[in-house]
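Data block below; observations after.
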Amino acid sequence: MKDILKKLPKIELHCHLDGSVRPETMYELLLEEGEDMEDISLEQFEKMAKVVDECNSLVEYLERFSYPLKVMQRKENIERITYELLEDLSKQNVKYVEIRFAPFLFMEKGLSFDESVESVLKGMERAKGDFNILSNAILVCMRHESVEKSIELVEKGEKFLGKGVVAVDLAGAEEGFPPENHKEAFDLAYKKGYNITVHAGETGRYENITKSIELLHAERIGHGIAAIKSPEVMELIKNKNIFLEMCPISNLQTKAVESLDEYPIKEFLDNDILVTVNTDNTTVSNTSLDKEYELLIDGLGFSIEDIIKLIKNSIEATFLPKEEKAHLKRIIENELKNI
Ligand SMILES: O=c1[nH]cnc2c1ncn2[C@@H]1O[C@H](CO)[C@@H](O)[C@H]1O
Ligand SMILES: [Zn+2]
C-alpha cells in the first residue's frame, strides 16, 4: 500500500511556505543570523520547530512560526526555502502545488513587498526547471491585521496576478477575528480577478464558513470542518460547489477535533462535498501528503480508489486557468493509468 501511495501523482493546494521550511536549513540560517543556538542540537531544534507532542490549540500551533520567520527576511533565504520545499515535494511525486505565504511577514527587516513576492517566484521558477514541478503562489492576508493592510496586499499583489500569483487567502487565529473585518479587501480582490480561498471553520465557528463564502467570495475554504455542525452550511458548500482544503494531521494537532473518529471527512464525501486533502505545514505538522493519505487509509478505512478520488477533486480545485488545468489533468491521468 505504501508503495502505491508513493507512486501516486499528487497535488498540494494548502501548504504554508513558512510552515514548511526544512528544519536543517532553518537551523543553519538561524546560526547565520547570530541566533544563540549553542546549547541546542539540530535534533533538539527539530522538536522545537515541529508539533511533536503537546499542542492544545491553533494559537499554540501558530507559535511555531516564530522560528522560520526569523530566517525569511532575506531574498536569498526565501528563494532557497521555496526551492527546497519544491524539491522535497517533487520527490513525493507532487506534480502541482499552490504555495501560500504572507508577504508582510517577510518585511520586518526592510524587504519590500515586491522583493518578498519575487523571491518566492524565483524559487518556483528555478524548481520548475530542475525538478519538473509546477507551482503557483497564494498571497495570505492575516486576520489580526487591519483591513487596510489586506487592501494594500491586494493592490500590491495585482501586478503578479497570472505571473505566479493566483489567489488571496485569509489566515491566522480565527477566534476574535471574524471574516467580515476584511470584506473590503476581498471585494477588491474579487473585482481584480484574484481567486479566493479563506481559512474558516477550523476552530469550531461554522458561521465563518458562511461569511467567507457570502461576504468574502471564497471559492475554496481552508479546513471547513465546523461545517459538520450545521446542515445549512453543508447545504451551502454543496450547492455552491465550494472545495474544502482539509488538512487532517494539522486539525488533530490544533485540537480542531479531539480524535480521528470525529473527523468529518467521510460525512462530507457522503454528502457529495468536494473534499481535497493537504498538509497545511509540512514541517510544523511533521507531515507529507503520503502521511495524510496513510492516516486516512489506516485510521478511517479509505481505499486507494478513495484517495484517487481526492486527487481528482484537487485537479478541479486548482486555481489554474482552464487550459493549464486540462494539461495537469492529462499529466495526472496518464500516470494513474500505470499505477
Ligand atoms: O492552519 C492554519 N490556520 C490558520 N493560520 C495558519 C495555519 N497555518 C499557518 N497559518 C498562519 O499563516 C501564516 C502565513 O503562512 C503563518 O505565519 C501562520 O501564522
Ligand atoms: Zn492553513
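Note: Cβ is positioned from N, Cα and C throughout, glycine not excepted.
Please treat TrEMBL annotations as automatic predictions, because they have not gone through curation.
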Original post:
Hey, TrEMBL has Zn(2+) bound by His14, His16, His199. Any idea which of Asp114, Asp272, Asp280 it lists too?
Top reply: Asp280
**OP:** Determine which residues of the same chain, besides His16, Asp18, Gly172, have their CB within 8 A of the center of the CB atoms at the recorded substrate site, and list them by sequence.
**Re:** Leu17, Gly19, Leu62, Phe65, Arg100, Phe101, Ala102, Leu105, Val140, Ala171, Asn281
Subject >> Maximum Cα-Cα separation in Å among residues His16, Asp18, Gly172, which the record lists as binding substrate >> reply: 13
**OP:** Check Glu202 (active site, proton donor) against DSSP and tell me helix, strand or coil, would you?
**Re:** coil
**OP:** Ten-angstrom check, please: count other Cβ atoms within 10 Å of the Cβ of Glu202 (active site, proton donor), all chains counted.
**Re:** 25
